[in-house]
Structures are given as structure tokens and as C-alpha cells.
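> According to TrEMBL, the protein carries these features:
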- A:12-33: transmembrane segment (TRANSMEM)
- A:45-63: transmembrane segment (TRANSMEM)
- A:69-91: transmembrane segment (TRANSMEM)
- A:131-155: transmembrane segment (TRANSMEM)
- A:162-180: transmembrane segment (TRANSMEM)
- A:210-231: transmembrane segment (TRANSMEM)
- A:258-278: transmembrane segment (TRANSMEM)
- A:298-320: transmembrane segment (TRANSMEM)
- A:332-351: transmembrane segment (TRANSMEM)
Amino acid sequence: MSTSETRPPALLTTSGLVFLGVLGAAVVLVPALNLLTAPDSALHVPTYVVSLLGKYLTYALLALSVDLIWGYVGILSLGHGAFFALGGYAMGMYLMRQIGPRGVYGDPVLPDFMVFLNWKELPWFWYGFDLFPFAALMVLLAPGILALVFGWFAFRSRVTGVYLSIITQAMTFALLLAFFRNDMGFGGNNGLTDFKDILGFNIQADGTRVVLFVLSAVALGLGYVLCRFLVRSHFGKVLVAIRDAETRVRFTGYRAENYKLVAFVVSAMLAGIAGALYVPQVGIINPSEFSPANSIEIIVWVAVGGRGTLVGAALGAVLVNYAKTYFTSGLLAPYWLFMLGGLFVAVTLFLPKGIVGTFYDWRARRRASDDIPGAEPAAAPKPAE
Amino acid sequence: MLLALAVLSAAALSAAALAGRAEAQDVGGALAQLATNKYDDTEAALSVLALSGDPAAVGIVSALAEGRLVFGGTPPRVFIQGEGGALLDPLTRQPVADAPAVKPVRVNNRVRRAIEAASGALSLVSPDPAKRLEAAQAVGRSRDVAALPALDAVLAKETDPKVKSALALARASIVIGQAGVSEADRIAAIEVVGAQGNQDALALLRSVPADASPAVKDAAAAAIAGIERNLALWGAAQNVWYGLSLGSVLLLAAIGLAITFGVMGVINMAHGEMVMLGAYTTFVVQELIRTHNPGLFDWSLIIAIPLAFLFTGLIGVIIERTVIRFLYGRALETLLATWGISLILQQAIRTLFGPTNREVGAPSWMSGSFEIGQLSITYGRLWIIVFALLVFVALLAVLRLTRIGLEMRAVTQNRRMAASMGIRTNWVDAMTFGLGSGIAGMAGVALSQIDNVSPNLGQSYIIDSFLVVVFGGVGNLWGTLVGAMSLGVANKLLEPYAGAVLGKIALLVIVILFIQKRPRGLFALKGRSIEA
Amino acid sequence: MSDTETLVRDIEPDDGLGAAKKTLTEALLYLNAVTVTFDGFRALNELSFTVDPGEMRAIIGPNGAGKTTMMDVITGKTRPDKGDVFFNGGTTDLTRLDETEIATLGIGRKFQKPTVFESHTVLDNLRLALKGQRSALPNIFRRETAAERECIDAIFETIRLTEHRDRLGGALSHGQKQWLEIGMLLAQDPKLLLVDEPVAGMTDAETAQTAELLREINANGHSVVVVEHDMTFVRDLGVRVMCLHEGSVLAEGTLDQVSANERVIEVYLGR
């Protein structure tokens, strides 16, 4: 690091390369093992597992988006599930329009739930969602604009710390209530489901599932590189400075609220993309995605993996969700909430830096003791606040 | 309704009687007529009895209805057959010495109707004002023209002001929609009805015939406008009442949170679960009472309050000692850890008691309601408001008057200074957390009366409670009180316009915007020491 | 030149008001009758003083005299209830600007408690403070120029932290943090530095070095306002001294003049 004054830190660190390598391997291996092996082969990966893994990857992207603002800016959003859900709804609306006349009621334009509610024509905000590019744009814009408006108000008035956490929670709660209403025109309680195809491909087909998995992996990889690019730039250094001493940043002449706002909007858009990839793989989006409990769960993924490490957030999301799948499907199902709750407590008490953060610390100590120059200083966040 | 029918036919009957068919003019004469045991005479006698207002008439009519009115002897006399077959004088109710052989007075369907009518009319002239009032209101609701003469007759005699005004109202209700009434009479009726000021009056006023004179119509329109204003006011008052009721629930749920947040800067996400534990404590107390001493049921809440306080307070102290004390100064981590605790507590209750709602009964003194003007006030809600205010006052007293309260305030204002003055801040923290949790438990006892007791009970309150605390301003109990009440009232005032869900959303948005405007709440501490 | 009316006329250009105008337009920082109240407590009470371009000024005074509040007012953290605060010869009304705008104008502040970016390296701390692009989006793609590098190297020499450049800010000693913070102020290249208790917790040697450092900074054309309790340090600075008490100026002059003042001895220095 002694020469770092002329060379910014590498875009990809060792752990980043390992992370992208694992993702790349998954992109090659999982589709191959699904499509090229016989169903009875020991190596065969069934399609439902492909979709399950794809779901984990979208969660990992969501966790990444939370880590960008929590780990690097210190904004603990307890409402990030809202951005994920909005992206998901935008994709869901496209998928609903693709059903066309194949719905139960056979209406060529109106989705089934609108026919059921006796609606005569498509609400204006459903226009355009039959076109994929428009829907894809909305996947970014819907969460992005919400984040922009919300963040503009919140950061400008310097709402910080637990206050900010609580109003983000109130935000997602308000959206939860709103989306439960049939009148909102988003399918109410049941949400959007019974999707048929995406861009003309059958959404249930093995090939489509594999492609969705690959796309999720690619999105996660790109998302990671984007976040790395941001946090190592001058912009990213200001973000960390805001996390550690916001007042100092203001007195240094930076508009802290603008930096926060940019990070918040980027993060919300990443979450929206994650939601959009999530919906076709699980086949449904409903208001429960807005529930505050969901949003808080994302935080524990990041905390388990290691806040402020990006790789850790993704790892934490996959680990916790794998554990959830494993335990909630077996005899231990009633005890899952005990475990999840215990995880929250244990991580905050005993592993405040998470798995990856603790590993970085250990590696830095070992290098220091081995007197190896160039030890990468762990971007260890201070404990919140 | 039955009563109204009875009064009506009685009125028709007495109208006929007034027209001259009756031969007897008093109760004595009526008794003589009854003794003839002819249906026509019995009917005529009933109409006389109906209008007599004599207390004895009531006994006679009911004896006839029950088949205990008998006649016999020469000349035939009427007796009431008492317990064990003894014959009593119908007027004096004294046993008769020389009892003749007797037969019951015959009754057919026509007479039976006349009996019903007579007993109805007798309640209009009953010596008990409450019964007269009820009868007058029944007639008013029926709005039958045939009752007019009878009403006029009793109206002239009535002395009790309440009954008199009820009778006048009944009369006006009938007159208002009737054809062939003089203009002055109808306008007078409109005034009487209009003064009533309720929904019923509104319906009556709208029934003014279309061919009525302009003066009448104007009077009616004015009266309707007056009533609608009146009703809107009462409606708003009712919503404010509901709002205060909701506000007191929010206050109960939030006040413990306000303490822990204010004193320790700790966001306790498991606070809602403390409320839930309090509700389950109530459930267990009631179960034990049901199986061991059902007579104590009315005391179950009183017993549950201290138990819930102690139990949840103890859990709170345990949580503070085992988890939270390691996380001081790390508010966001505390938030996550307590969220984890909330999941564990919910699941523990789900495992122990099942995921479904548990039945918690209301003691007799909590059920029922009363009315003030157009306001309907249920005892349950009233007691919860009273309880919330009591808890608030008690808490203020604890903070102001006790040693631990003084220490808590000291720690709130300057933790390091308090520590250097020899205050054991650890102990204060544990006690504060225990106190906050204990109050949540007591809130749970109250909430068990108005909400479903399920493992999810706490979750539905946690966001609202946070908003109350943040809205009111941290570290200020009065802020919490004002915050809770204004959020409660605002919620209920928004509801009629926006609907329950949209109202709630609107409120969330308003509070979010408010926090942007005043990030430290309504009653924020000011000064140099407050750092971002 | 003490009432607001004169002032308002003064800031209009070319009004030919001669002498009165001179004071305001020549002052770098101009405070007039500034009052700040917190819940009934008057932190600043009709405080008036000026700082000339290139001047170094020391401010002393007991706790609660309003020293930090004065800095809060100048830097836009606290809005005065009444009074005027002008910068740059009366051209800029500071009471209308927020912290960021004031920092950009060229007023740097060192806090009482040393505040550096603890999880950034010393080098990055200076890079962040360095005068230059402050907008969010361009900074995503910003690259360091050779001129900037030289500037940072020069500051490192001034604050004597060259060998610590790759350590984390949080790992520095208390005194080093104070210097780093002063270095960050230099990197901002402000016209005016407000320095709050720069030698608190320093050894005598460090204190003397800091005095030298501040004199050097001042000699390079920066105006400096130093708040400090350490009389030795103030004496080392050898500049004009102002004593605050209960939110207004009690005495002003050389250190010897001020320390001889009866009132100053009574409320601050003690007998």
C-alpha cells in the first residue's frame, strides 16, 4: 500500500476474484448439470434446485444493495424489501400482460383479478407493461424514484440513525397496507401469479429457468463490480467518511445529503433488479414482500456475512437462506424462528463483523505478524452509530 | 314492537270507547261487565280498564290474560284466583270470605287482542314513569294515526316532564306526516321533532308530504339542516372519542418504549412482544381462575395487572442483563438483537399456546355501554382510557418522586456525569428496561380486552408505538402522551374520509413528512448538546 | 459601525460612505450584535468582533462563555436569533448559508474533539479534504492529478505525518489526530481557519510544535481564529487575544493587556 498514492486500490481484491470465480463456475456448472445430465444421474441438478439457487442469487443481490448503504454509508434501511418488491411488481405486471387470453376468464387484455373485480378497462398505470423494455425500465425507475423522493426528504432534513430506520420501516409498512387493497390495482392480497411466459419463452421450461439462473448470477456479478467501483472511487470514500463523521464531511464542503441520495437510489435500483429476477423464478409476487419483517431479515443476512464487505453480504444471503430452506422443510420447521432469532442475537453479540469481516481481521493480523507488507486494511465499519 | 302494536290497538279500542259504545265509566262498572262473561262486554270492559289508569286495572287485565280471572255467585261477581286457588277481590286483593263456585272468564282471539291492547295502553298510563316513557316511545316509532286520540287524552293528564315530552314527540311524529293537519299544527310538530336532533328525527322530517305548504317545507328544511349540523358535530365527537380510545391504546403500548428509548437510547424491537406476554399473562390468570375459583372472574384483570407487570418486567431485566448491556452505544445493533429476541419470544408463545387466537373474557364491569347525547361510550374503552392515564400519571410520579426516577432522569440527561456522581448506571439501565417492559406487560392486559390474543399481537403495535415515540419527541413523556393522542384522534378523524387502510397510510405518510420537518419530534430537547 | 442600519447601507456598493465602510469591507469576518438563545439561556449575547485578512486571533474564556457556539454560528451549524455575520469584506451573509456552503466559501473548522475519518488512511483523509470537486456524481469518476499529489505531499511535510500516511486515521495518537485535522483544514485551503482547542491533551513539546505550526499557517496568508485554554500556548502564538464571557467580549488586546484586566482575572484567570 505504500505506493497507493499513485494507484487507487484494485477494483477486484482477492476475495472479489474468488467471489466472481465461484459465480462464474456456477454459471457454467449448474446449467450443464441440469441440461446435459440424465435426470437419474447422480450429478443431475433438478430444475427446482436451479430456480432455488437462482432465488438465492437474487437475495444475494438484494443483500449487496443493502450493504452498499448500510456498510458504507451507515444507513440502516429497514424498508429495503419495498424496493425489491417494487421491482418484482414491475416484472410481475409485464408477466401478467404476457398471459393474454390464456387467463381463467380469457380476457385478452385484463388480468384475471381485474375481471374478477368487474373492472372494465385497464388502469392507466398498467399501460406499457406489455412491452418488455418499458417494464425493464420500470424495474429501475419505480424503486429509484421512490428512493429519490424518500431520500431527498429524509437526508435533506438530516434524519439519521434509528429515526431513519424507523421511517424506512414505516414506508414499507404503508406500502404493505396499500398493496393489500384490491382498489390499488395490483391484485390485492393474492398479488400477481399464474405467469405463462417471458419474452415468448415458457416460464416453466427447464431452459428458461436455467437462463434466469444465469441472468441472476450475471446480475449479481455486475452488481458486485458496480458496488466495488463505487466504493473505491472518491465518491465511495466520501460515503465512508459520512458513515464515520457526517458533520466533519459537511464542514469539509461536501453535500452529504447528495452523496447519501445517490447511494440510496443506486441501492434501491439494485434491489429492484433483484426483485425483477426473483419474481419469474418463484412465480409469484404478493404484498407480503413489503412486510417489515422481510426487510429486517435482509439485514441479518448482511450482518452474518459481514457488513461493509460486499462479498460478505452476498455470502450471508445465500447461507442464511440455505439454512432457512433446509430447516423450514424438515422436522425442525417449528424451530426455525428460534434459530433465526438466535442468529440475530448471536451475530450482533459474538460476530459483529460477520464471517467475512472476521476473516479479513484474522488475515490482516496474520499478515501483520508474518510481517508481509501490503496487507489490505480491512474496511471494517465502526459499530453502527 | 309488540308493545307498540298493543298500544295501537288499545288506542283504537279506546277511541271506539270514547265514541260511546262503553256503558261502564269506571273500574267497578268494568268489573260488572266482565262478570257477564260475554265477549263483547269483556272487550268493552277492557277498553275502560285500558284508559282508567287504575293500578288495580293492571292486575285485572293480567289475570284475564293468564286465565286467573274468574266469575261466580249471584249476582255474578269477578274474582282473581290467587295462589292455591284462593279467590281474591280484584280491587283490594284480599281473600274473599264466602267463595262461590267460579268459572274463568272466557277468552277468544278477539278478546286476547283486546287484552294485549289494554295492557299496552295501561303501560301508557302506568304509575311507573319508566314504563310510560317506553310506551310513549313505542307509539312514536309506530307513527299510527289511530293512536292520536289516546295520545291526546294521556298528554292532557301527564305530569312527568320526561314522559310528557316523549308523548309530545310521539304525537308530533304522527302529526308530521299525516294528511289534513293544520299548517300551524304541523309546523309545531316539526319543531318538536327537530328539537330531537337525531337520525330518527331526520327520517321523520323527510316524510313531510310533498303537497305541504311552503311554510311547512321551509320549516322542515331548516330543521333538517339544523339536525344535520348537529349530527355532524356528534359524529365528529364520536370519532374524537374513538380516537382518544385508540390514542390511549397507543399510549399504553408506546410509553414503555419511550422510557427505554429516552433513558437508554435503545430501540427495543421486542417491546411489542412484551405487550403480547402481558396479554398471555391475562389469559393464564383467567384460565386459572376459571378452573379454581370462578367467583373471582370479575377480578381477573385486577389480578393480572401486577402479575403481568412483574412477569414482563422480569423478562425485560433478563434481556437487558444477557444481551442489551453488551450493545450500549450501538443503537442499530441493539435494534437487530432485540428483533431476534422478538422472534424467539413469538415462537416460544406459539409453541406453548398454539398459533391461534386465545379467548380472554371481559369482566362484567367492562361490558356494556352508555350514551351521552348522541355519543355511545362503551365501558371497556372508557376503562382503558382511564387505565392508560393512570399508568401515565403513575409513571410520571415514579420519575419525579422516587430515587430510581431521579437516577433515570440523571442518566437520560448525562450518562457520564451521572456515573461519576456514583449512580450505578448499569443498575439504572436494568431497572429502566424492566420498568419499560413491565409497563408493556400492563398494556398487554388492557389490549387483551380489545384485540386478538395471538403470538402476533405485539407486531401490530410496534410500528405505531415507534411513530408515537418519535413523533412526540424522545425523552419526554408528555410528548408521548400528546403524540399518542394526536395520532389516535387523527387516525379516527381520517378514517371516515379515507377508509381505514388509506387513513392509516395517510397517517404514516404524514408522520414520515413530519419527522422530516422536525427530526427530533414534537417536544425535542434543544441546545448545543444535541448532536446529529 | 455598531448598528445594523449602518451595516445595511455599507454592503451596498459605491455608496460613498467612507470610513464606516472601510471597517466592514476590510474585515474578513464581521460579527455584529449576534445573539443565540437555547431554551432561555443566552449562549451569545450581542457578540461583536471582526477578524482582518491575514490576522491570527486567540480567544480565551471560561467554560460556557460561548466560544463553541460562536464557531457554530460562523460555520452555519447554529442560526443566530439576531445579529449579522458577514464574510469576505461584507459580501457574504453567513447566516443565510449552511455548513457546506460556508465550508466551500473558505472557512475551515477544527472541532474541539479531534474528528478525522477513522476508517480512512491518513492519506485518504487529506485527499477527501483537498480543495476541489465536491459534487457527488463527478467524484465517482474522479482521478487524482499530479498537482493534487504535490499539494498533499506539501501538507504532509507541514503537519509532520509523512511516515504515517498509510495508517488508518483511527490508529493515530491523540496529538497526531489533532495535526491531521489541521492538515485537513490546510488541504481545504480556507481563507479562515477556526481552530477549537488544538492542544488539548498534548504534551508540552507537541503544544509548542502546534503553536509553531499555526504560526506557519498564518504566515502563509491564512487567517486563523484559535480557541484555547492553555495560556502558555496562547503566549507562544503571540497574537491578539480576546476574552469571552457570558456570550460577549469582555476584553481585547495583547495577552498581557487582557490578563491584566480586572474583570478577566475575576471571571476567568482567578486571582
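Keep in mind that glycine also has a Cβ here, set from the backbone N, Cα and C atoms.
The shown structure was predicted, so the numbers you read here are calculated from the model rather than taken from an experiment.
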> For the transmembrane segment (A:12-33), could you work out the same-chain residues 6 or more beyond its ends whose Cβ comes under 8 Å from its Cβ atoms?
43-45, 50, 53, 210, 213-214, 217-218, 220-221, 224-225, 228, 309-311, 314, 356, 360, 376
> Between the transmembrane segment (A:131-155) and the transmembrane segment (A:45-63), do 3 or more CB pairs sit under 8 angstroms, pairs being 6 or more residues apart?
no
> Cβ pairs under 8 Å with the transmembrane segment (A:162-180): which stretch of A:69-91, A:131-155, A:210-231, A:258-278, A:332-351 has the most?
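By Cβ pairs under 8 Å, A:69-91 leads among A:69-91, A:131-155, A:210-231, A:258-278, A:332-351.
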> Excluding the flanking five residues on each side, which residues at least 6 beyond the ends of the transmembrane segment (A:210-231) place their CB within less than 8 Å of a CB in that stretch?
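11-12, 16, 19-20, 23-24, 26-27, 30-31, 34-35, 47, 50-51, 53-54, 57-58, 60-61, 64-65, 67-68, 72, 201, 239-240, 263, 266, 270, 273-274, 277, 280-281, 310-311, 314, 379.
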> When only pairs 6 or more apart in sequence are counted, do the transmembrane segment (A:298-320) and the transmembrane segment (A:69-91) reach 3 or more Cβ pairs under 8 Å?
yes
> Between A:69-91, A:131-155, A:332-351, who has the most Cβ pairs under 8 Å to the transmembrane segment (A:258-278)?
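Per the Cβ count, the answer is A:69-91.
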